[in-house]
Each structure stands twice: as structure tokens, then as C-alpha cells.
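What TrEMBL records for this protein is below:
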type	residues	note
SIGNAL	1-21	signal peptide
DISULFID	C58-C406	disulfide bond
COILED	79-106	coiled coil
DISULFID	C262-C276	disulfide bond
DISULFID	C430-C436	disulfide bond
Amino acid sequence: MKRAMAAVLLVLLSQLVHSNAEEEAFDVRHHLSTVSRYGVVKGIAESSFVPSKIPNGCTPIHLNLVARHGTRSPTKKRIKELDNLATHLEVLLREAEEQNLSLEKLPGWLKGWKSPWKGKLKGGELIIQGEDELYDIGIRTRARFPNLFNDDYHPDVYAIKATQVPRASASAVAFGLGLFSGKGSLGPGRHRAFAVISESRASDTKLRFHDCCQNYKAFKKSQEPAVDKLKEPVYDEITSALRRRYRLNFTRQDTTSLWFLCKQEASLLNIVDQACALLSPSEVSLLEWTDDLEAFILKGYGKSINYRMGVPLLEDVVQSMEQAIKAEEEKHAPGSYEKARLRFAHAETVIPFSCLLGLFLDGSEFEKIQREQALPHPPKPPQKRNWRGHTVAPFGGNNMLVLYSCPANTSNKHFVQVLHNEHPIPMPGCDGTDFCPLDVFKERIVAPHLKHDYNSVCDVKLEQQEQKPVAI
């Protein structure tokens, strides 16, 4: 009997030690969905994937970049939300004291807490960490592809485009400062001036198609209540747990705001022992999943219009490749043709573009997308999922499409390599490789999307179908 009891105690002790070890190893900064800092998550890649070995003699002749802006401050609307949270926390603490409730488990920082952004009248701008992210990507890009960036700067050789939103154009500037560092005569860093081109927000169908596509705006508006409904059980469960844990009468809105505060503190301020520490690792994982689910339904594979409206961007990418091939075949002089097209935009650009490429899918899922069949939602933790916001579109998240020219004795003359967050990534449409013959890339990945004209996808007059809510 004693031996049996000892064995049970040993098992329980080992489980406790294992659980504690798991909690210690849990880094909340890896679970912030699309609010993740680029430097924290860029190294998280598919560990089982073996990148292609670029054949000898193959050289890059053109690069397309589609990047999200770097880490930004909270928007004006969100700053107000955090101020409201501070006000409500004061009310909750006062009520608890009036009822003589024990608050010994309550962290000291909550008493008298004020938002770090209190009094800030503007928001949403690129912060210093975001500048560093894009600057470093620029430096690494030039180091990785030196023969692409060895020409003197000219805006027709290195086209840099950004949306009219300041954090995107500021990201383009930071990237350009890194890319062209030491190539000019300005200041001790020998920087040089360069052009950043923007389209009007009202007509930017290549980088802000989500703002121009009327059908998409109608779809998103119709789906947001249903998405909130999908998230409610998680928020209600965690709200109840917080009430029990800290003896405060938290509301669902408080949980929403505390989760937002956790993400901002961890990502922007590197603080993980305040708002984030109120939540257990399993609760953080569930909240992360709700964010990932929302991005999947409203920006990703949840509905084909989410990415079909990005076809003008895909067409622009392919056109730039064809122009580079033409310049090569016609032996244009160096400095007379484009070698890189560099774009800086938003999660609402990078996520749909990743979907157009078929990233983060397995083969069967890619076939479903090609047949315009719906995909199941990302599975709830603890089940594993490919669709993770921190990988798909963190701050500074990016896709690079590198066009290679290969010797005549190879199977194909031109290949496309896709890098996601600077890592080679498998393309289900190209048999799971990251290095795809251009003809195969165009036939299997690009062509099925091109039958959907932007106007036919986005023009309200041409698509009056009823918007059905997502299944709950």
C-alpha cells in the first residue's frame, strides 16, 4: 500500500515539475499573433522543411518584396481603450475594498495603474524598434543578394513603393537607409536620398485593395459580429477564471483590454510580468488562437474574396518578372532596367498576398483553394495549426520572390524562390518546394487567380449575393 502511494506521489510530483518547466519555458512574446515583434519571431520557421539547394550557375536577376510596416504604437482608438481600462480598474478596486474582499493575490502594479500611453494625442506611428526592424532587413537583403544591389541607385532600377499611411512610408525609408547605407555622401553613415512612391488611398488597388474593394468591405462588416460570437466562449471562460483568481468583478471588455495591454507591453515595451502575467500560458494560447482565427476569417483563407482582391498585386509581381526576363534576353545595359520592386504596406496586404501564393497550406488544402472550396478554421489549442499570426504577418513580416536565371543545361531557364520572413518556405502549388520553375509557378499558382478580375470581385453592382455569416 505504501509503495502504491509513493508511486502515485512520484507521478504527481513529476507532472508538477513538468508543468512548471513548461510554464518557465513559455515565452509570451511568441504568442502575440500579428502584434509580434519581427526580431522575436523571425527565426520561427517550419523545422522539418529542407530548403532547396540553388543549382550552380543560377543567379538572381530580380527581387519582389511585399512587407508589412514595422512595430508601431497603439492607435488613437486603442489608447482611449487603455485609458478606459485604467478608469474601470479603479472602480473594481474601490468596489472590492468597500466589500472587504481579500485582494492579497492581486499584483501590486494594478493598484493605481495608468496606461503608458496616457496623454498621448496621436498614435499608430512607427516606433524606434520598428525602424530598426526594417533597417536591419534592408542591410540583410543587400548582403544576401549583392549582385542585385550593386548598381547605382535610380528609382527605375530600385522602385520603392508604400501606401499613404505614414507608418508604411516610414518603414520604406528605414529599409532604404539600410539597403543603401554607405552608398551615398550624406552624413557620417554616407546615406543617400531615394524616392518612395505612394498611390492615393482611394485608388491603391495594389497595396490597399482592402480599402478600395466595396464587396470586401461589405463582407467584413457582415462577418465581424459572427467572428465575435466565435470568440465569446473563450473570453467568457477566461473572464470567469480572472474573477475567481483575483476576486475582482472583471467584464469581458476588461479581458479584451487586458489581452490588448499584454500584447502591447510584451511587444513594444518588453514587459511580460504585468498584464501578461495575469494570464496562464493556456489562456494566452487560447487568446492568441482567437486573434489568429479572426485574421484567418477576415483577412486570410476564410473567404476567397479576402485574397482574390489582391490579384492586381500578384499581376504586378509577375509583370515585373517578365520585364526582368525581357531585359536579360535583350541584353539591356546595367542600370537601365529594374532589379527590385520593394513594397511596404500592412497586414491586410501581406496576409492576402501569402494566401495568393498558397503559403501555410498542405497539398490537399491547396487543392481545395484551387477548387474554391472552404477550408476548416484553424484548430483550437492544444491542437497544432499551421496558421499562426506571429509567423504569417508579424510587424515587419514579408514575402520576397526572387527570380533566378539559370544556365541553358538546367531543366528550366528561370525559377522563382519564395522567402517568407527571410526564410525559404514550401509552396504546395510547386510540389512543396521553395524553388519553382517560373512556368510552373505561373501555371499552378498564378493562373487560377487571374480568371478573377478585380472589378468582378470587388464591384458591388456585379456581386449582390447575400453575405452569409460564418458557421458557429
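Note: Cβ is positioned from N, Cα and C throughout, glycine not excepted.
In the displayed structure, how are the listed features positioned relative to their neighbours?
A sphere of 10 angstroms centred on the C-beta of C58 (disulfide bond) encloses 17 other C-beta atoms.
Taking the coiled coil (79-106) as a whole, pLDDT averages 94 in the prediction.
Proximity of C262 (disulfide bond) to non-local residues of its own chain (separation of 6 or more, Cβ distance below 8 Å) is seen for V28, Q274, A275, C276, L278, L279, V284, given in sequence order.
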Take the C-alpha atoms of C58 (disulfide bond) and C436 (disulfide bond) and report the distance between them in angstrom, rounded.
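That separation, Cα to Cα, works out to 13 Å.
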C-alpha of C436 (disulfide bond) to C-alpha of C406 (disulfide bond): distance in Å?
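One finds 12 Å between the Cα atoms of these residues.
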Just counting, how many other CB atoms are there within 10 A of the CB of C436 (disulfide bond)?
23
Starting from each candidate's C-beta and looking 10 angstroms out, tell me which of the disulfide-bonded residues C406, C430 has the most other C-beta atoms.
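The residue with the densest Cβ neighbourhood is C430.
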